[in-house]
Amino acid sequence: MWMLSPPSGIFQHTKKLFLSDQAGRAQALEFLRRNVANSISMANLVMGLSSVLCSLNGQYNYACWLVLIGFLLDLADGAVARQLNACSALGAKLDDFADFTSFGLATALLLQAHGILDGLLVIVYVLAVFTRLCFFSSGMPFMYRGLPCPYGASVLAATYLLTGGNLLVMRIIAMVMILFMVDQGFYPHDKVLESQPWKKAVFAGGILMVMFSATYFASLYYLLWSSSYIFFPTALWSHRV
């Protein structure tokens, strides 16, 4: 009769396997939760590096589209990190490095420095982004000090596409964006994906524009979107649930 009852060792072994499998799944889910925002930052970094390569090879239109995709990724990155409670010092550093690459280096290369003065403008633009990311702290919750550099980059990329790469217009816009970034004026956290439904619709429209729209309408869309935040930050884009 004893053979009809399974040995207790089998139960113990099965239990250990089950608990180990559960623990493994829990660890995997926790790893994904903690790193999904970092993965979005990495995607933004890849967009920035790809944009740099496109500019170095004279493919400025492609470089602009990659900057605009990085703009969308940057907005999504913060929202995902906050919603999953996965904010960390490493994630913040990675996000800043991705922003510097996409919205500093990659965007500055759109200015196409062909002389000393042009090169100086490129250097000043990159330094403005660097200063904005590293040294400006608002000290106030839900506020930025200085224009967030993704919006300046979006304006420049959209302007390039709309004007067919008119460098005089681009350089004037770049100087204006530099002034906004170093002005230290206060800008509200937009939190596009965590606020009113119309803001989420604007974000979704940005994705659709990149995927399906003609160059002119997509560029105009991003220019209006970014400009509305620059000139009407509190009236339109302050975070309200």
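Keep in mind that glycine also has a Cβ here, set from the backbone N, Cα and C atoms.
Automated prediction, rather than curation, is the source of TrEMBL annotations.
TrEMBL lists 123-144, 156-182, 202-224 with the feature transmembrane segment.
Proximity of distant same-chain residues to the transmembrane segment (202-224), defined by a Cβ-Cβ separation under 8 Å and at least 6 residues beyond the stretch ends, is recorded for 61, 65, 68-69, 71-72, 75-76, 154-155, 157-159, 161-162, 192-193.
Packing against the transmembrane segment (156-182) from elsewhere in the chain are residues 60-61, 63-65, 67-68, 71, 107-108, 110-112, 118, 121, 124-125, 128-129, 131-132, 146-147, 149, 215-216, 218-220, 222-223, 226, 230: each is 6 or more residues past its ends and has a CB under 8 Å from a CB in it.
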